[in-house]
Amino acid sequence: MSATGTSRQKMPADILAMKGGAPIVCLTAYTTPIAKLVDSHCDLVLVGDSVGMVLHGLPSTLGVTMEMMVMHGQAVARGLSNALMVIDMPFGSYEESPAQAFRNAARLMAETGAGAVKLEGGVHMAETIAFLVARGIPVMAHIGLTPQSVNTLGGYKVQGRGEGRARLIADAKAVAEAGAFSVVLEKVPQGLADEITAEVAIPTVGIGAGAGCDGQVLVVDDMLGLFTDFKPKFVKRFGQLGVAAEAAVADYAAEVRDRSFPAAEHSFADEVKK
Ligand code: KIV
(Lines of atoms letter the chains of each structure in order from A and count residues from 1; the text may use other names and numbers.)
(Lines give C-alpha, C1' and ligand atoms only; values in the text may rest on other atoms or scores of the structure.)
Protein backbone atom coordinates (compact mmCIF):
# COMPACT_ATOMS: atom_id res chain seq x y z
CA MET A 1 0.00 0.00 0.00
CA SER A 2 1.40 3.39 -0.85
CA ALA A 3 1.23 6.72 0.98
CA THR A 4 -1.29 7.93 -1.58
CA GLY A 5 -3.69 5.09 -0.81
CA THR A 6 -3.83 2.71 -3.80
CA SER A 7 -1.97 -0.50 -4.46
CA ARG A 8 -1.73 -0.37 -8.26
CA GLN A 9 0.10 2.12 -10.42
CA LYS A 10 -2.01 5.15 -11.23
CA MET A 11 -3.45 5.68 -14.69
CA PRO A 12 -4.44 8.89 -16.52
CA ALA A 13 -8.09 8.28 -15.57
CA ASP A 14 -7.11 8.34 -11.88
CA ILE A 15 -5.48 11.75 -12.36
CA LEU A 16 -8.52 13.03 -14.29
CA ALA A 17 -10.75 11.86 -11.43
CA MET A 18 -8.76 14.04 -9.01
CA LYS A 19 -10.14 17.23 -10.63
CA GLY A 20 -11.37 19.53 -7.88
CA GLY A 21 -10.36 17.11 -5.12
CA ALA A 22 -7.18 16.50 -3.15
CA PRO A 23 -4.27 18.34 -4.80
CA ILE A 24 -2.31 16.27 -7.33
CA VAL A 25 1.33 15.89 -6.28
CA CYS A 26 3.81 15.75 -9.12
CA LEU A 27 7.61 15.84 -9.35
CA THR A 28 10.08 15.16 -12.12
CA ALA A 29 12.48 12.21 -12.03
CA TYR A 30 15.22 11.18 -14.45
CA THR A 31 16.86 8.22 -12.69
CA THR A 32 15.85 5.02 -10.89
CA PRO A 33 16.99 6.08 -7.39
CA ILE A 34 15.08 9.36 -7.52
CA ALA A 35 12.02 7.61 -8.98
CA LYS A 36 12.09 5.18 -6.02
CA LEU A 37 12.42 8.09 -3.60
CA VAL A 38 9.44 10.08 -4.92
CA ASP A 39 7.12 7.26 -6.02
CA SER A 40 5.03 6.71 -2.88
CA HIS A 41 4.63 10.47 -2.28
CA CYS A 42 3.54 11.42 -5.79
CA ASP A 43 0.44 10.85 -7.90
CA LEU A 44 2.31 11.59 -11.11
CA VAL A 45 6.03 11.48 -11.95
CA LEU A 46 7.18 13.38 -15.00
CA VAL A 47 10.25 12.40 -17.00
CA GLY A 48 10.66 16.01 -18.07
CA ASP A 49 12.82 17.26 -20.90
CA SER A 50 14.24 19.53 -18.18
CA VAL A 51 16.62 16.54 -17.88
CA GLY A 52 18.66 18.24 -20.61
CA MET A 53 19.41 21.28 -18.47
CA VAL A 54 19.40 19.58 -15.06
CA LEU A 55 21.48 16.45 -15.74
CA HIS A 56 23.18 17.09 -19.09
CA GLY A 57 24.21 20.74 -18.65
CA LEU A 58 22.43 21.91 -21.82
CA PRO A 59 21.56 25.64 -22.07
CA SER A 60 17.88 24.89 -22.85
CA THR A 61 15.58 21.92 -23.52
CA LEU A 62 15.96 22.29 -27.29
CA GLY A 63 18.87 19.85 -27.56
CA VAL A 64 17.07 16.98 -25.84
CA THR A 65 16.67 13.94 -28.11
CA MET A 66 14.28 10.99 -28.32
CA GLU A 67 17.19 8.73 -27.34
CA MET A 68 17.78 10.73 -24.13
CA MET A 69 14.08 10.56 -23.24
CA VAL A 70 13.93 6.80 -23.90
CA MET A 71 17.00 6.16 -21.73
CA HIS A 72 15.80 8.28 -18.80
CA GLY A 73 12.24 6.98 -19.18
CA GLN A 74 13.43 3.39 -18.90
CA ALA A 75 15.44 4.27 -15.79
CA VAL A 76 12.50 6.01 -14.11
CA ALA A 77 10.06 3.20 -14.95
CA ARG A 78 12.26 0.77 -12.98
CA GLY A 79 11.67 2.86 -9.86
CA LEU A 80 7.90 3.39 -10.00
CA SER A 81 5.06 1.20 -8.74
CA ASN A 82 2.55 3.82 -7.52
CA ALA A 83 2.72 7.07 -9.48
CA LEU A 84 1.65 7.52 -13.07
CA MET A 85 4.70 8.01 -15.29
CA VAL A 86 4.34 10.75 -17.90
CA ILE A 87 7.15 11.36 -20.38
CA ASP A 88 7.91 14.56 -22.27
CA MET A 89 8.00 14.59 -26.05
CA PRO A 90 11.23 16.41 -26.92
CA PHE A 91 11.45 19.43 -29.22
CA GLY A 92 11.09 18.44 -32.87
CA SER A 93 9.47 15.06 -32.17
CA TYR A 94 5.80 16.07 -32.57
CA GLU A 95 5.28 19.53 -34.07
CA GLU A 96 5.54 18.57 -37.75
CA SER A 97 2.34 16.55 -38.01
CA PRO A 98 -0.04 14.36 -35.98
CA ALA A 99 1.49 11.31 -37.72
CA GLN A 100 5.01 12.28 -36.60
CA ALA A 101 3.70 12.86 -33.08
CA PHE A 102 2.00 9.44 -33.03
CA ARG A 103 5.14 7.66 -34.26
CA ASN A 104 7.31 9.20 -31.56
CA ALA A 105 4.73 9.04 -28.75
CA ALA A 106 4.14 5.35 -29.50
CA ARG A 107 7.90 4.73 -29.37
CA LEU A 108 8.23 6.55 -26.02
CA MET A 109 5.39 4.54 -24.51
CA ALA A 110 6.44 1.18 -25.97
CA GLU A 111 10.13 1.50 -25.07
CA THR A 112 9.72 3.04 -21.60
CA GLY A 113 6.37 1.81 -20.27
CA ALA A 114 5.17 5.39 -19.64
CA GLY A 115 1.43 5.72 -19.12
CA ALA A 116 1.14 9.02 -20.99
CA VAL A 117 3.10 11.66 -22.90
CA LYS A 118 3.32 15.40 -22.35
CA LEU A 119 3.65 17.93 -25.14
CA GLU A 120 3.82 21.71 -25.26
CA GLY A 121 1.23 23.88 -27.00
CA GLY A 122 -2.42 24.95 -26.88
CA VAL A 123 -4.78 25.75 -29.75
CA HIS A 124 -2.18 24.91 -32.41
CA MET A 125 -1.51 21.45 -30.91
CA ALA A 126 -5.18 20.54 -30.31
CA GLU A 127 -5.49 18.55 -33.55
CA THR A 128 -2.39 16.53 -32.62
CA ILE A 129 -3.67 15.88 -29.10
CA ALA A 130 -7.00 14.60 -30.48
CA PHE A 131 -5.13 12.41 -32.99
CA LEU A 132 -3.00 10.81 -30.26
CA VAL A 133 -5.87 10.31 -27.80
CA ALA A 134 -8.03 8.68 -30.50
CA ARG A 135 -5.18 6.20 -31.08
CA GLY A 136 -4.65 5.18 -27.45
CA ILE A 137 -2.07 7.69 -26.26
CA PRO A 138 -3.08 9.71 -23.17
CA VAL A 139 -1.79 13.27 -23.36
CA MET A 140 -0.90 15.81 -20.71
CA ALA A 141 -0.80 19.26 -22.30
CA HIS A 142 1.58 22.08 -21.27
CA ILE A 143 0.64 25.72 -21.83
CA GLY A 144 1.71 29.13 -20.57
CA LEU A 145 5.49 29.31 -20.57
CA THR A 146 6.46 26.50 -22.93
CA PRO A 147 10.25 26.27 -22.65
CA GLN A 148 10.69 24.60 -26.06
CA SER A 149 9.39 27.88 -27.57
CA VAL A 150 11.81 30.08 -25.62
CA ASN A 151 13.14 31.64 -28.82
CA THR A 152 9.74 32.74 -30.11
CA LEU A 153 8.48 33.75 -26.66
CA GLY A 154 11.54 35.98 -26.20
CA GLY A 155 12.70 34.41 -22.94
CA TYR A 156 11.33 32.61 -19.89
CA LYS A 157 8.67 35.26 -19.17
CA VAL A 158 5.34 35.12 -17.32
CA GLN A 159 2.62 34.28 -19.87
CA GLY A 160 -1.03 35.31 -20.05
CA ARG A 161 -0.84 38.97 -19.06
CA GLY A 162 -2.64 41.64 -21.12
CA GLU A 163 -3.70 40.37 -24.55
CA GLY A 164 -2.18 37.01 -23.73
CA ARG A 165 -4.90 36.32 -21.17
CA ALA A 166 -7.65 35.44 -23.69
CA ARG A 167 -5.15 33.41 -25.75
CA LEU A 168 -4.20 31.32 -22.75
CA ILE A 169 -7.84 30.66 -21.80
CA ALA A 170 -8.44 29.56 -25.42
CA ASP A 171 -5.38 27.28 -25.21
CA ALA A 172 -6.64 25.64 -22.02
CA LYS A 173 -10.12 25.06 -23.47
CA ALA A 174 -8.67 23.72 -26.74
CA VAL A 175 -6.44 21.09 -25.10
CA ALA A 176 -9.27 20.02 -22.76
CA GLU A 177 -11.70 19.67 -25.65
CA ALA A 178 -9.07 17.77 -27.66
CA GLY A 179 -9.01 15.10 -24.94
CA ALA A 180 -5.93 15.86 -22.82
CA PHE A 181 -6.36 14.30 -19.36
CA SER A 182 -4.59 17.19 -17.61
CA VAL A 183 -2.74 20.39 -18.40
CA VAL A 184 0.40 21.94 -16.98
CA LEU A 185 0.17 25.72 -16.46
CA GLU A 186 3.68 27.17 -16.29
CA LYS A 187 4.49 30.71 -15.14
CA VAL A 188 0.91 32.01 -15.34
CA PRO A 189 -0.55 34.74 -13.06
CA GLN A 190 -2.43 33.24 -10.12
CA GLY A 191 -5.81 34.81 -10.93
CA LEU A 192 -5.70 33.56 -14.50
CA ALA A 193 -4.69 30.06 -13.37
CA ASP A 194 -7.65 30.06 -10.96
CA GLU A 195 -9.99 31.11 -13.78
CA ILE A 196 -8.67 28.38 -16.10
CA THR A 197 -8.94 25.80 -13.30
CA ALA A 198 -12.60 26.75 -12.82
CA GLU A 199 -13.33 26.78 -16.58
CA VAL A 200 -11.85 23.47 -17.76
CA ALA A 201 -13.00 19.98 -16.82
CA ILE A 202 -9.48 18.53 -16.66
CA PRO A 203 -7.01 18.99 -13.78
CA THR A 204 -4.58 21.89 -13.99
CA VAL A 205 -1.11 21.19 -12.65
CA GLY A 206 0.72 24.41 -11.85
CA ILE A 207 4.35 25.40 -11.81
CA GLY A 208 4.53 29.09 -11.01
CA ALA A 209 0.72 29.34 -11.30
CA GLY A 210 -0.35 29.78 -7.67
CA ALA A 211 -2.00 27.54 -5.11
CA GLY A 212 -5.42 27.33 -6.78
CA CYS A 213 -4.48 24.76 -9.42
CA ASP A 214 -5.67 21.15 -9.08
CA GLY A 215 -2.06 20.09 -8.50
CA GLN A 216 1.54 21.22 -8.40
CA VAL A 217 4.72 20.12 -10.15
CA LEU A 218 8.35 21.01 -9.48
CA VAL A 219 11.65 19.87 -10.92
CA VAL A 220 12.94 17.49 -8.27
CA ASP A 221 16.53 18.76 -8.40
CA ASP A 222 15.23 22.31 -7.83
CA MET A 223 13.16 21.44 -4.74
CA LEU A 224 15.95 19.29 -3.27
CA GLY A 225 18.48 22.09 -3.73
CA LEU A 226 20.62 19.91 -6.03
CA PHE A 227 20.36 22.18 -9.08
CA THR A 228 21.76 25.55 -8.08
CA ASP A 229 22.80 27.21 -11.37
CA PHE A 230 19.73 29.46 -11.03
CA LYS A 231 16.46 29.49 -9.04
CA PRO A 232 13.20 30.58 -10.68
CA LYS A 233 10.87 32.60 -8.39
CA PHE A 234 8.35 29.72 -8.31
CA VAL A 235 10.86 27.25 -6.86
CA LYS A 236 10.91 26.55 -3.14
CA ARG A 237 13.93 24.60 -1.94
CA PHE A 238 12.59 22.03 0.51
CA GLY A 239 16.14 20.74 1.05
CA GLN A 240 19.75 21.87 0.56
CA LEU A 241 21.17 18.62 -0.76
CA GLY A 242 23.70 20.35 -2.97
CA VAL A 243 25.29 22.02 0.06
CA ALA A 244 25.26 18.74 2.01
CA ALA A 245 26.78 16.85 -0.94
CA GLU A 246 29.58 19.37 -1.39
CA ALA A 247 30.43 19.22 2.32
CA ALA A 248 30.57 15.41 2.12
CA VAL A 249 32.87 15.55 -0.93
CA ALA A 250 35.15 18.07 0.84
CA ASP A 251 35.32 15.76 3.92
CA TYR A 252 36.18 12.78 1.69
CA ALA A 253 38.94 14.72 -0.11
CA ALA A 254 40.42 15.89 3.22
CA GLU A 255 40.40 12.36 4.67
CA VAL A 256 42.03 10.86 1.56
CA ARG A 257 44.71 13.54 1.71
CA ASP A 258 45.46 13.05 5.44
CA ARG A 259 45.13 9.23 5.08
CA SER A 260 42.40 8.94 7.74
CA PHE A 261 40.23 7.27 5.08
CA PRO A 262 40.05 4.33 4.56
CA ALA A 263 40.18 3.32 8.24
CA ALA A 264 40.64 -0.24 9.51
CA GLU A 265 36.89 -0.95 9.30
CA HIS A 266 36.91 -0.19 5.56
CA SER A 267 39.94 -2.43 4.89
CA PHE A 268 40.49 -6.18 4.54
CA ALA A 269 42.82 -8.29 6.69
CA ASP A 270 45.40 -10.48 4.96
CA GLU A 271 44.02 -13.56 6.70
CA VAL A 272 40.46 -14.30 7.84
CA LYS A 273 40.42 -15.20 11.58
CA LYS A 274 38.94 -18.65 12.27
O1 KIV B 1 10.45 19.36 -18.33
C2 KIV B 1 9.90 19.56 -17.25
O3 KIV B 1 10.44 19.24 -16.18
C4 KIV B 1 8.58 20.18 -17.24
C5 KIV B 1 8.00 20.60 -15.93
C6 KIV B 1 8.75 21.74 -15.40
C7 KIV B 1 6.55 20.85 -16.01
O8 KIV B 1 8.00 20.35 -18.27
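Each residue, glycine too, has its Cβ placed from N, Cα and C.
Curation plays no part in TrEMBL annotations; they are all automatic predictions.
Of the residues Asp14, Asp88, Asp171, TrEMBL places Asp88 in the same 3-methyl-2-oxobutanoate site as Asp49, Ser50, Lys118. On the backbone, the CA of Asp88 (Mg(2+) binding site) and the CA of Glu186 (active site, proton acceptor) stand 15 Å apart. According to its DSSP assignment, Asp88 (Mg(2+) binding site) is in a strand. Among the listed binding-site residues, namely Asp88, Glu120, the Cβ with the most fellow Cβ atoms inside 10 Å is that of Asp88. Straight-line distance linking the Cα atoms of Glu120 (Mg(2+) binding site) and Glu186 (active site, proton acceptor), rounded to a whole number, equals 10 Å. The sparsest Cβ neighbourhood within 10 Å, among the listed recorded positions (Asp49, Glu186), is found at Glu186. Long-range neighbours of Ser50 (3-methyl-2-oxobutanoate binding site) (same chain, six or more residues apart, CB within less than 8 Å of its CB): Thr28, Thr61, Pro147, Val219.
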